[in-house]
């Protein structure tokens, strides 16, 4: 018997078996407008499951706008046309439960944004909002999430301390732990290491490489070295268009588009 408490979005997502599909998320004929200004005019991409895909390009090229469209973070400020396909659903359609969809497509922002709560509560708070109140369950998920974000050994004895007392790199990894606590399929990251020092950046990269065993990861970065180190695929954006998308090794050693080569080699602009 169907669970009548489930939304249509929940039922459709649960009915789709991702094991039968290599593509976790795709966009078709995607266009994004801020008023009359078109920020994305050619945004057709497919993201393979359990891979890291990097979105690169100059400032203002549209890569962050594109990323934020993937879980409809732009809904209030932009008009998005075209299809965003996830588990057989066009999640850009009006009948999608956006709140439920975001449980499956998580987001980590450029600057760490921990809650003004304890380390433990930063993760447990969202779980309680979803009806999970049993302490044993909360404890297990908090520990699992912190372990996956490579933080558990650093904070296991300080879970009741304020998250605001953590270093910038630790705060960002806590935000990653918070995002994965509800076990999304896909993790979106908008320049997650741009405000961090090299050591913290390396720790974030190592964390993402571990996480891709269980998550599909899409990351915006201005750091070419970072893209080449951690991503399996790279898309080059310019002026709101995806000019090239291929395996990262191919993009960095044998780009097919002159502008891609210019950007990677530092001769762009």
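Using the three backbone atoms N, Cα and C, a Cβ is placed for every residue, glycine included.
Here is what Swiss-Prot records for this protein:
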type: BINDING; residues: 57, 58, 59, 60, 61, 62, 63, 64; note: ATP binding site
type: DOMAIN; residues: 25-264; note: domain 'ABC transporter'
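Neighbouring residues of the recorded ATP site, listed in sequence order and excluding 57, 58, 59, 60, 61, 62, 63, 64, comprise 65, 237, 238 (Cβ within 8 Å of the Cβ centroid). Taking the Cβ of residue 57 (ATP binding site) as reference, residues of its chain lying under 8 Å away and at least six apart in sequence are, in sequence order, 63, 236, 237, 238, 263. A simple way to gauge crowding: the CB of residue 58 (ATP binding site) has 16 other CB atoms within 10 angstroms, across all the protein chains here. A coil conformation is recorded for residue 58 (ATP binding site) in the three-state DSSP classification, outside any helix or strand.
Here the binding-site residues are 60, 62; the one with the fewest Cβ atoms within 10 Å of its Cβ is 60. In sequence order, 237, 238, 239, 240 are the residues of the chain that are 6 or more apart from residue 61 (ATP binding site) and have a CB within less than 8 Å of its CB. The most densely surrounded of the binding-site residues 59, 64 is 64 (count of other Cβ atoms within 10 A of its Cβ). Mean pLDDT for the domain 'ABC transporter' (25-264) in this predicted model: 94. Its Cβ placed at the centre, residue 63 (ATP binding site) has 28 other Cβ atoms within 10 Å.
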